[in-house]
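What Swiss-Prot lists as active site, proton donor is His89. According to Swiss-Prot, the feature 5-amino-6-(D-ribitylamino)uracil binding site maps to Phe23, Ala57, Phe58, Glu59, Ala81, Ile82, Ile83, Phe114, an assignment based on sequence analysis. Summarising the annotation, Swiss-Prot assigns (2S)-2-hydroxy-3-oxobutyl phosphate binding site to Ser86, Thr87, Arg128.
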Amino acid sequence: MRIIEGKLRLDGSEKVAIIASRFNHIITDRLVEGAKDAFLRHGGNEENLDLVLVPGAFELPFALDKALSAQKYNGVCCLGAIIRGSTPHFDYVAAEATKGIANTTLKYQKPVTFGVLTTDTIEQAIERAGSKAGNKGFEAMTGLIELIDLYKGL
């Protein structure tokens, strides 16, 4: 049996976009820093990294669709932080952002990763943005790097 999997490497020519929500920017700024760090550590060229900022997580699928339709990116890393409040708003935003990103990924058949935190508390979000639980932005970018390499090999 032949095993096909992506490697954690870039050759410097890959063009990548990070699409991040500004809402909860105290968290998303850290996620972006982690994603950028992963991109550069694994051979990415900073000139080939674009940061697209949208108002909130609900707008991520729109920007993702626009970025992928332009056909200039090898992959896109989506980042956001949705923190539960006292109303059902969290459930709607989390569900629609997730569904929109998944549907857009399948529509364009390009590597996309989901680095959108969905947490019950701000403390949980902080833990996942570079504190106790690592940086999920870094993890989302390393996943994207592997997918880009896998995409080239399939």
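Using N, Cα and C of the backbone, Cβ positions are placed for all residues, glycine too.
Structural mapping of features recorded in Swiss-Prot.
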residue: Phe23; record: 5-amino-6-(D-ribitylamino)uracil binding site; Cβ contacts under 8 Å, 6 or more apart: Pro55, Gly56, Ala57, Gly80, Ala81
residue: Phe58; record: 5-amino-6-(D-ribitylamino)uracil binding site; Cβ contacts under 8 Å, 6 or more apart: Val93, Glu96, Ala97
residue: Glu59; record: 5-amino-6-(D-ribitylamino)uracil binding site; Cβ contacts under 8 Å, 6 or more apart: Ser21
residue: Ile83; record: 5-amino-6-(D-ribitylamino)uracil binding site; Cβ contacts under 8 Å, 6 or more apart: Asn24, Ile27, Phe90, Leu117, Thr119, Asp120, Thr121, Ile122, Gln124, Ala125
residue: Ser86; record: (2S)-2-hydroxy-3-oxobutyl phosphate binding site; Cβ contacts under 8 Å, 6 or more apart: none
residue: Thr87; record: (2S)-2-hydroxy-3-oxobutyl phosphate binding site; Cβ contacts under 8 Å, 6 or more apart: none
residue: His89; record: active site, proton donor; Cβ contacts under 8 Å, 6 or more apart: none
residue: Arg128; record: (2S)-2-hydroxy-3-oxobutyl phosphate binding site; Cβ contacts under 8 Å, 6 or more apart: Leu117, Thr119, Gly134, Asn135, Lys136
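Within the set Ser86, Thr87, Arg128 that the record links to (2S)-2-hydroxy-3-oxobutyl phosphate, no two Cα atoms are more than 23 Å apart, and one pair reaches that distance.
If you compare every pair of Cα atoms in Phe23, Ala57, Phe58, Glu59, Ala81, Ile82, Ile83, Phe114, the residues listed for 5-amino-6-(D-ribitylamino)uracil, the longest distance is 16 angstrom.
Taking a C-beta cut-off of under 8 Å and a sequence gap of six or more, Phe114 (5-amino-6-(D-ribitylamino)uracil binding site) has these contacts in its own chain: Cys78, Thr98, Ile101, Ala102, Ala140.
Sequence-distant neighbours of Ile82 (5-amino-6-(D-ribitylamino)uracil binding site) (same chain, 6+ apart, CB under 8 A from its CB) are Asn24, Ala57, Phe90, Val93, Ala94, Ala97, Val116, Leu117, Thr118, Thr119. Counting every protein chain shown, the number of other Cβ atoms lying within 10 Å of the Cβ of Ala57 (5-amino-6-(D-ribitylamino)uracil binding site) is 28. According to DSSP, Phe114 (5-amino-6-(D-ribitylamino)uracil binding site) sits within a strand segment.
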